[in-house]
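Heads up, the thing below is written out as structure tokens.
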Amino acid sequence: MSFNARDSSALPARFFPSLGLEDQVITHVIFSRNLKIRVFTLDTGRLFNETYDLHRLTNASYGKKIETFFPDTVSVQDLINVKGPDSFYESVENRKECCHIRKVEPLNRALIGTKLWVTGIRAEQSESRHSLAKVESDSSRNILKYHPILDWSLEKTQDYIDTYRIPVNVLHKKGFPSIGCAPCTRAVRPDEDIRAGRWWWEADNQECGLHVVDGKLVRQKSGPKRAI
């Protein structure tokens, strides 16, 4: 994998991993090569314990620190007081509201001052990603997005992880190819889409709103491809 000067030095760059397989590959490259890219993650307050364990293990493995951004406390408190802790099960509107409060708003806040957003997106993850370019403009946030492993296959990703012994979430071995908040993620069957376990109670599972290009979500269901 290659990061040139434009990717890491010429522009203020940040990487926001959710600690998935692809994210761990990029975190490994950034930390092991001491690239000038700040690494942050979002703690929604509803993550799996295994995800928190991986966060601590990654920090310890590289002697670095993945910084953490949190949702606005008042917004979360107001949401729970009005609609309860699990309102996202009741409607798509409620689910998107929760995702916005716990993910989108803190991400937007964390991206302030950033010119280049590095992501772990891969084209084969969904049909809507096939047409993406490695460098794109996110007009909604007025920044560039860089997808360094866009053309990587799952096999190549896993081989890289195995070669460099990169720590990954233990839930991947338990049928969780895609891992988000604990209440909104379940294990999937071998014949299911890799994101079938995300917001599985909805008729058409979509993304939380983190990755939007020209007003369109770039992560939609693709086909029955299992990770690990």
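Keep in mind that glycine also has a Cβ here, set from the backbone N, Cα and C atoms.
Please treat TrEMBL annotations as automatic predictions, because they have not gone through curation.
The feature active site, nucleophile is assigned by TrEMBL to CYS208. Taken from TrEMBL, the feature [4Fe-4S] cluster binding site covers CYS98, CYS99, CYS181, CYS184. Taken from TrEMBL, the feature domain 'Phosphoadenosine phosphosulphate reductase' applies to 18-187.
Counting only same-chain residues at least 6 apart in sequence, those with a Cβ under 8 Å from the Cβ of CYS184 ([4Fe-4S] cluster binding site) are ARG46, PHE88, ARG95, ARG198, TRP199.
The average pLDDT for the domain 'Phosphoadenosine phosphosulphate reductase' (18-187) in the predicted structure is 95. The binding-site residues listed here are CYS98, CYS99, CYS181; among them, CYS98 has the most other Cβ atoms within 10 Å of its own Cβ.
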